[in-house]
Amino acid sequence: MAGPASPLTTHVLNIAMGVPGSNMAINLYRQDPSTNTWSLITTGTTNADGRCPGLITKETFTSGVYRLRFETAQYWESMGETCFYPYVEIAFTINDPGQKYHVPLLLSRFSYSTYRGS
């Protein structure tokens with residue numbers, strides 16, 4: 001996607017094979033603080049480098065609780081593999097939407113890890 005840089009980025013790395021996690025579906029949600037329900041903000045698919053640009057605009061990025069859902073079963077199935085985790089959801093809190101946030105996913109068929117990057 002072209003356009004301004006998203007203040008929220010992600011990167012999927014297939015650490016079992018040492019390659020980017022390309023062509024993985026991702027959904028971004030925001031939690032309503034008054035009802036605790038989740039609203040879908042956008043969907044995307046990782047590119048050849050395992051990145052999903054344009055997740056959210058600076059104008060719509062506000063303080064709150066967000067969730068990234070990575071469709072890992074579909075990803076592994078596309079390579080003829082099975083996995084233990086059919087999806088991975090990472091929930092995180094944004095206190096200062098003026099900052100840049102990077103939420104990578106390090107993935108194998110039987111494990112995953114994440115951290116807050118910048």
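Glycine residues also receive a Cβ, built from the backbone N, Cα and C atoms like all the rest.
Now, the feature entries from TrEMBL:
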BINDING   His11, Arg51, Tyr115  substrate binding site
DOMAIN    3-117  domain 'Transthyretin/hydroxyisourate hydrolase'
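For His11 (substrate binding site), the Cβ neighbour count at a 10 Å cut-off comes to 17, with all displayed protein chains included.
Neighbour density around each Cβ, counted as other Cβ atoms within 10 Å, peaks among the binding-site residues Arg51, Tyr115 at Arg51. For the substrate site, whose binding residues are given in the record as His11, Arg51, Tyr115, the maximum C-alpha distance rounds to 15 Å.
Note on the domain 'Transthyretin/hydroxyisourate hydrolase' (3-117): its mean pLDDT in the predicted model is 96.
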